[in-house]
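As given in TrEMBL:
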- A:CYS59, A:CYS62, A:HIS63, A:MET208: heme c binding site (BINDING)
- A:46-153: domain 'Cytochrome c' (DOMAIN)
- A:1-22: signal peptide (SIGNAL)
- A:252-271: transmembrane segment (TRANSMEM)
Amino acid sequence: MLRKGIALAALGLALLAGSAQAATHPKEPEKLQWSFEGPFGKFDQAQLQRGYKVYREVCSSCHAMSQVYFRNLGQKGGPFYDSKYPNPNDNPYVKALAADIQVGDIDSETGDPIQRPATSADHFPSPFPNEAAARGANGGAIPPDLSYISKAREGGPDYIYSLLIGYVNPPAGLTIQPGQHYNPYFPGDLTASWTGKGHVPQGGVLAMPPPLSPDRVTFDDGTRSTVAQQSRDVAAFLAWAAEPKMEERKSFGLAAMIYLLILTGLVYASYRRIWRNVAH
Amino acid sequence: MSGHSTYEPKTGFERWLDLRLPIVRMAYDTAIEFPTPKNLNYWWTFGGILAICLMIQIVTGIILVMHYVPHVDHAFQSVERIMRDVNYGWLIRYMHANGASMFFVAVYIHITRNLYYGSYKAPREVLWIIGCVIYLLMMATAFMGYVLPWGQMSFHGAVVITNLLGAFPIVGESITTLLWGGFAVDNPTLNRFFALHYLLPFMIAGLVAMHIWALHVVGNNNPIGVNVKSKEDVVPFHPYYTVKDGFAILVFMLLFAYFVFYNPNILGHADNYIPANPLVTPAHIVPEWYFLPFYAILRAVPDKLGGVLAMFGAIGVLFVLPWLDTSKVRSMRYRPTARLYFFIFLVAAVVLGFCGAKLPDDPVIPGLTSFTVIDADLNSYVWLSRLATLYYFAYFLVITPLLGLTETPLPVPDSISAPVLSHPATTPAGAVASPEKKG
């Protein structure tokens with residue numbers, strides 16, 4: 001507690017002294033076109049389904065998504081929404097996808113810990129039982145929860161895509177510790193590990209090795225499974241997971257805008273009429 | 001302005017009630033019959049816009065409280081749950097979060113209008129001071145509200161700002177401990193911030209009532225800054241200003257709706273979607289945009305206590321502005337020199353906001369090598385903020401008092417209804433205010 005207090009006080013002082021180190025800035029993420037951009041944008045359902053598969057087969061071995069429930073997959077705007085099943089708990093895809101996954105529970109008779117197939121009411125299970133286990137298995141780094149990652153990083157899906165395709169060999173003169181991986185899109189400060197000439201390289205190091213490789217995931221719709229395709233699809237899936245109500249928000253917004261515009265016009269006309277005889 | 005009431009009870013019940021509690025009379029005098037200068041422009045609509053902003057914040061806030069859990073282990077998840085599982089929770093939460101920004105957009109325009117048209121001058125000093133208190137409470141409320149989602153910026157912003165109070169000698173440490181409810185920002189801090197965040201808006205609402213009361217005693221200022229002289233100069237508030245304010249409120253709502261529906265996170269910071277972690281400090285801790293000018297003033301002073309005093313002083317100076325301004329002319333329409341200094345002041349305020357978002361040591365002009373002055377390179381944001389801070393204080397403490405004594409204002413119209421002077425040739429230059437006009 002005391003140590004934390006001292007650290008916090010030191011932090012406050014450091015900020016006040018304005019002595020923040022001029023960190024190197026990471027590379028700007030590549031700007032992609034997404035189907036869900038703009039006021040009328042919608043998610044591409046096929047892309048979300050492919051993205052879910054990438055998450056399920058690759059990312060989920062380390063990353064939790066504890067805010068996403070299986071039922072969300074079948075909600076309006078979700079990857080497996082089907083207008084025949086307005087209640088996502090009835091959606092056979094959702095039920096089958098959930099049943100594929102084992103989740104921890106207790107035996108209601110004995111209280112013993114058990115594993116059972118997930119239902120639509122379960123959230124995506126976490127790959128590690130606790131934070132220490134997550135760190136232990138990942139060289140001290142904790143894989144962040146991906147439920148809201150798309151909102152929690154500057155650049156959102158563009159950043160996620162760029163990071164996933166962005167792994168390159170470190171430039172000569174950059175010392176990379178074992179278990180670390182260089183990525184020019186990852187924010188960090190490489191000044192301390194740079195012995196080369198010229199500017200410190202952009203980017204930073206992270207514990208996650210390049211997770212994707214060609215054909216690592218087989219897409220059911222026959223889409224060619226390149227790293228770029230997988231990255232793009234999983235980034236779209238994560239954008240949906242962070243904002244599952246985006247389509248509802250935008251369609252509500254359209255109605256609200258039309259209503260407000262008409263009302264504004266009417267009130268403006270009344271204003272002109274009421275003030276027509278007042279010199280002002 | 002606070003002339004006798006012209007309300008006449010129409011029904012038996014109204015007559016009966018009027019003798020016991022003249023509440024209908026009060027509403028009538030305030031919102032219907034209230035004589036309002038007929039030359040108010042759209043800058044005067046922001047008072048009404050602010051009232052709507054406060055109502056939206058209170059209504060959405062109360063609904064959010066029904067779902068929010070004020071505990072460090074659950075706060076972040078409960079906000080996500082509101083966004084995902086509560087019916088229209090995304091709407092309520094985005095309205096509340098963006099509503100705070102909209103509130104500050106409106107209040108900054110409202111304050112700017114006051115400064116430009118000299119609305120703070122006699123007899124409106126108390127009206128102005130109540131407004132300053134409302135603004136101060138708004139800042140406290142917004143800051144504590146930003147802490148509640150318990151994201152990374154919430155937590156580390158709370159750490160930085162509460163640590164500032166520790167700069168005060170003798171009492172500083174005790175105040176900080178009291179605010180924290182312990183020895184670090186933790187669950188007790190979140191709980192008391194939550195309690196205060198719920199309390200302060202109602203204090204604001206009470207002060208707004210006093211603000212409107214004070215307004216109705218002295219009446220509106222107006223763009224030419226000349227007192228109301230006759231019935232010719234005024235129109236009843238309803239329907240003339242209800243419809244004009246209504247139109248402006250709707251235009252403002254369109255802007256608000258754009259943010260809520262199409263760009264709800266653009267005014268926030270991505271780091272606040274990362275759950276708070278005391279052991280990981282974000283690379284750049286920046287407050288919300290509406291605090292950035294004051295954050296820049298804080299960082300411009302190389303001494304901690306000095307910085308804190310400068311930051312509070314930047315708001316404190318507003319309270320005494322009516323007595324710093326020596327000019328008898330209210331509206332800057334007739335003060336060309338003051339207008340020039342005022343526009344520089346606005347630029348300085350925007351520059352401060354810009355500096356607040358940057359790292360202090362980053363160069364303003366990239367690539368330009370300069371020389372070090374005292375503790376930082378001259379080509380750095382910290383020096384730019386020092387320059388702007390200097391101007392900010394000089395504007396209030398030096399320029400405003402001196403200008404009123406030295407400048408030559410343009411001739412001021414005789415009345416609202418006669419904005420063109422009847423005898424411009426016979427009015428000697430500088431003869432601005434006849435004594436009975438008091439500016």
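Backbone N, Cα and C atoms are what each Cβ position is placed from, and that goes for glycine too.
TrEMBL entries are annotated by machine, without manual review.
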Specify the secondary structure state of A:CYS59 (heme c binding site) as given by DSSP, simplified to three classes.
helix
Around the recorded heme c site (A:CYS59, A:CYS62, A:HIS63, A:MET208), other residues with Cβ within 8 Å of the Cβ centre, ordered by sequence, are A:VAL58, A:SER60, A:SER61, A:PRO143, A:LEU146, A:PRO211
With DSSP helix as H/G/I and strand as E/B, how many residues of the domain 'Cytochrome c' (A:46-153) fall in helix, strand and coil?
41 helix, 12 strand, 55 coil
Per DSSP, three-state class assigned to A:MET208 (heme c binding site):
coil
Any idea which of the binding-site residues A:CYS59, A:MET208 has the thinnest Cβ neighbourhood at 10 Å?
A:MET208
A:CYS62 (heme c binding site), number of other Cβ atoms within 10 Å
19
Same chain, |i - j| six or more, Cβ under 8 Å of A:HIS63 (heme c binding site); the result in sequence order is A:TYR55, A:PRO127, A:PRO143, A:PRO144, A:ASP145, A:LEU146
